[in-house]
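Here is the structure we will look at, set down as structure tokens.
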Amino acid sequence: MAVEEEGLRVFQSVRIKIGEAKNLPSYPGPNKMRDCYCTVNLDQEEVFRTKIVEKSLCPFYGEDFYCEIPRSFRHLSFYIFDRDVFRRDSIIGKVAIQKEDLQRYHNRDTWFQLQHVDADSEVQGKVHLELRLSEVITDTGVVCHKLAARIFECQGLPIVNGQCDPYATVTLAGPFRSEAKKTKVKKKTNNPQFDEVFYFEVTRPCSYSKKSHFDFEEEDVDKLEIRVDLWNASNLKFGDEFLGELRLPLKILRHSSSYEAWYFLQPRDNGNKSLKPDDLGSLRLNVVYTEDHVFSSEYYSPLRDLLLKSADVEPVSASAAHILGEVCRDKQEAAIPLVRLLLHYGRVVPFISAIASAEVKRTQDPNTIFRGNSLTSKCIDETMKLAGMHYLHVTLKPTIEEICQSHKSCEIDPVKLKDGENLENNMESLRQYVDRIFTVITKSGVSCPTVMCDIFFSLREAAAKRFQDDLDVRYTAVSSFIFLRFFAPAILSPNLFQLTPHHTDPQTSRTLTLISKTIQTLGSLSKSKSASFKESYMATFYEFFNEQKYADAVKNFLDLISSSGRRDPKSIEQPILLKEGFMIKRAQGRKRFGMKNFKKRWFRLTNHEFTYQKSKGDQPLCNIPIENILAVERLEEESFRMKNMFQVIQPERALYIQANNCVEAKDWIDILTKVSQCNQKRLTVFHPSAYLNGHWLCCRASSDTAAGCTPCTGGLPANIQLDIDGDRETERIYSLFNLYMGKLEKMQEACGSKSVYDGPEQEEYSTFVIDDPQETYKTLKQVIAGVGTLEQEHAQYRRDKFKKTRYGSQEHPIGDKSFQNYIRQQSEISTHSI
């Protein structure tokens, strides 16, 4: 799902590493320690929460979070909470990064000072206001000026303690006067529609005879202002809560009798500034924010075609895809969009086979094969993440969940044993876990995804051809990925592979570390097992597995997953879990009478059906076959005055569901839409609002079977692979090429230098792999031309958008400093281009 903007789609995403907090204020009690967690918020909407770290003022979280951002936002915020068992969790402090500042911290570990949180720091939202100055004749026949202040609506007000019942006060204030008026309270909404007008007398009637038409006294104008304050009506004894304010000097009407615009709400001038930022501690974050502006598909044809034929270029180092890996600062930065694009078009196996073969030819020692962070390694890693996640979950998740729930101690380091623990018992528990995981892995070969098997086959063939005297290299070439870079990391950090929702507790983490080390060594088939461990206790423990049957099992498994033409005939019939989690659903109304209330349920989606039950593991209360899903669409907030709602439309009724936040709502809508995309009876129109009180709220039709009034969203073509958009990935690659244009040009120079000079290579060119200077130069020329054409399209789009942009519109309210900077930059660009 993307924001549509006149011929192009805008995608936003963010990848966050929440590291640790330092020097949090101590708890005011004898213990002084705190139980803290961190939340990630789009403005104030929570979209992710870390685990709770107990009894620490320097909690380490070590959690990663990625999401597609489905709406506009101003701040990416992080709140540190202190858990309270008996009361509401209290906020220690927050970090708020403006959207426009995210690039300053792009992919860098940064320490941020925690800021104090109060009503002023939480101000958000915008207000639509009109001021109109007019002349009126009083009862005595005297003409005077009246000011009409019309407040239309507000959007995106903060929600306070789970509710928002807003009202506004409109005040005309000056040195010697203050006249306030108040709107009605709007219940249960943070997007109130007020549409109320308030009138104020601006000048004395006697002043009219001294001034010309609309030329009222300057001293009054300069000193008067309109102030709009938003409040949340509260029943608490502490009074109503401040939501934000707007101050407008009346002199804006000096040149026009009316003024209408949208404004961002601001904190009060006298906001609480008592605490210094460093009083609250700091938080370490790594944030990667990406915004892609994607044109229609034909714009990307030249660059996309160049990338897709990379596997056929001789040598492969002269291909566009390989060049991308050469110029990017981080190979993974290149691998992510590259693999997704090639996987989408069925070209990932030929390309990886080509670059793997080239890398093997450059490798001198079979013991170091595929051990570096090369483009080959990163591309295979990314392919395994995309294609192998379900395989990984089916293989490991049941045992990992059992380990996390059992909390058995498996510590085998005598130095780290706790009082009362028995070394032999711990060693036996660990041995059983390792044995179980080793068995499920080595028996899972038939379930390994085909694309992974095809890649492993090419690795095996290339390694065996290069090192013909080493009989084990055909195994180590494959095990270096499937064990060392797939299974072992997933066991070590299961949260990074969605095997657990959060980082595991210290004891479980230690158990998983020991298991991961052992599995990694078993899979590596190294000649000297004991020498693989630095710790003597690990060498002792490994004696349990120093039998030929374990090596044979590994080799049989590696043979199976690297065999040519291997296919899993059962893979299509197997139910694949795609997504699950708690949401709130509205009763479907199978009975004609009775309350249709909202209930929290555990939802589960597979490639066969969509179900919900009371709790995870219970029997389903409702099963919806995928073929019965006719459409999945958003539900307008006005239907039930609830945010983040969507509807799953079936032949007889619609199931109304509320997700926990906007990110989850987008994820569920996307995956439900994609999994039901091929249904033959999919609807073309739908009702965007609910059927309540005998009619549809959107079109007022009275029949509950009336045809929809709004076209269904198009979704993606039926043959598209899940979660991959080829045009978006090409746009991402274009952005990388454009970012590293200087390196592309430097690489061109290196090709020219190599073509005419056979002497020692210049140091500045030595970082590039250039096997054929002429072929590489030819590709570089095509890449630079394709990137240049796309850059011209982007520049034209920016110019067109700038011409249409109005400061003070609903999209660009007044009060956004970053937008003012954007206006200034675009003005300079436009002037320069002229």
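Glycine too: its Cβ is placed from the backbone N, Cα and C atoms.
Feature annotation from Swiss-Prot across S77, S536, S735 places phosphoserine at S77. Record note: Swiss-Prot gives H687, C698, C699 as Zn(2+)-binding, and the candidate from C709, C712 in that site is C709.
Per Swiss-Prot, the residue annotated phosphotyrosine among Y66, Y656, Y691 is Y66. Between T110 (phosphothreonine) and C699 (Zn(2+) binding site), the C-alpha separation comes to 51 Å.
Note: the CA-CA distance between Y66 (phosphotyrosine) and H687 (Zn(2+) binding site) rounds to 32 Å. The local packing around Y66 (phosphotyrosine), expressed as other Cβ atoms within 10 Å of its Cβ over all shown chains, amounts to 10. Taking the mean position of the Cβ atoms of H687, C698, C699, C709 as the Zn(2+) site, the remaining residues of that chain whose Cβ falls within 8 Å of it are P688, S689, W696, L697, R700, A701, A706, G708, T710. When the recorded positions R371, H687 are compared by the number of other CB atoms within 10 angstroms of each CB, R371 has the fewest.
With respect to their backbone Cα atoms, R371 (site 'Arginine finger') and H687 (Zn(2+) binding site) stand 55 Å from each other. Across the domain 'C2 1' (1-112), DSSP helix (H, G, I), strand (E, B) and coil residues number 7 helix, 62 strand, 43 coil. Within 10 Å of the C-beta atom of T110 (phosphothreonine) sit 16 other C-beta atoms, taking all shown protein chains into account.
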